[in-house]
Every structure is written in structure tokens, then in C-alpha cells.
Amino acid sequence: MSLSSVLSADAIDSAIKDCQAPDSFCPKKFFQLCGLSKKSPQDVKKVFGILDNDASGFIEEEELKFFLQRFRPGARVLTDKETKAFLSSADDDSDGKIGAEEFQAMVLS
């Protein structure tokens, strides 16, 4: 399954363009621009499964760095600052990774 089966290519492009500059990535704004925040909890879980590259049930810091590239190959890698901010904003139980429920809460809140 690809992200384009849940989100439109135009919306993904718009979200990627908005955060091209280093340290300009804001997860909440990205989820709004790509349309994910308007999707059903089931669709958000599908997207989580795609982003969980190693199928561990969590999105770890290493996977977060390449977050934008999961939406569009060739997109930039998140900076360390962006990666850590993203992780801390979604990691409610402070275990150093984002679970499916944490991801869903962040996207849909």
C-alpha cells in the first residue's frame, strides 16, 4: 500500500513544498496540508503502518528522520532538531518512539 492510496498526490506535494527549508517542518501543519488530519482513524492507522518502515509497531527516531521521504522520494531528511521536536510532541509515554495510538492522537487532535 502507498500513501497515495489514502492521500491525494497534490495534497502531499503541497505539504512537502511548505516545509522545504530546513527547520521549517511542523507536524500538525503538515498533517493538515496533506489532508491526513481529515481522514478516518482507520486511514490514519494505515498511514502509520506505511511510516513504520521496520513493522515494529512503532515509529522510532531513525524512521522519523526520513518521514518526508516516505511521502515523496527525494524529499529532504528532517533535521535533528525537527526529528526530536516531532518525537517529543507525539511520544506521550516518553518511551522514545511513537506508537499507533500516539500517532493517531497527534494527527486527529
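Cβ atoms are placed via backbone N, Cα and C, with glycine included.
For the domain 'EF-hand' (39-74), same-chain residues at least 6 beyond its ends with a Cβ under 8 Å from one of its own Cβ atoms are 1-3, 5-7, 12-13, 15-16, 19, 25, 83-84, 86-87, 96-100, 103-104, 107-108. Residues annotated as domain 'EF-hand' in TrEMBL: 39-74.
Taking Cβ-Cβ distances under 8 Å and a sequence separation of 6 or more, the neighbours of Asp52 (Ca(2+) 1 binding site) in its chain are Phe58, Ile59, Glu63. As annotated by TrEMBL, Ca(2+) 1 binding site applies to Asp52, Asp54, Ser56, Phe58, Glu63.
Residues annotated as Ca(2+) 2 binding site in TrEMBL: Asp91, Asp93, Asp95, Lys97, Glu102. Cβ neighbours of Asp95 (Ca(2+) 2 binding site) (same chain, under 8 Å, six or more residues apart in sequence): none.
Taking the mean position of the Cβ atoms of Asp91, Asp93, Asp95, Lys97, Glu102 as the Ca(2+) 2 site, the remaining residues of that chain whose Cβ falls within 8 Å of it are Phe58, Ala90, Asp92, Ser94, Gly96, Ile98, Gly99.
The binding-site residues recorded for this entry are Asp91, Asp93, Lys97, Glu102, and the Cα of Lys97 lies nearest to that of Asp54 (Ca(2+) 1 binding site). In this model, the domain 'EF-hand' (39-74) carries an average pLDDT of 96.
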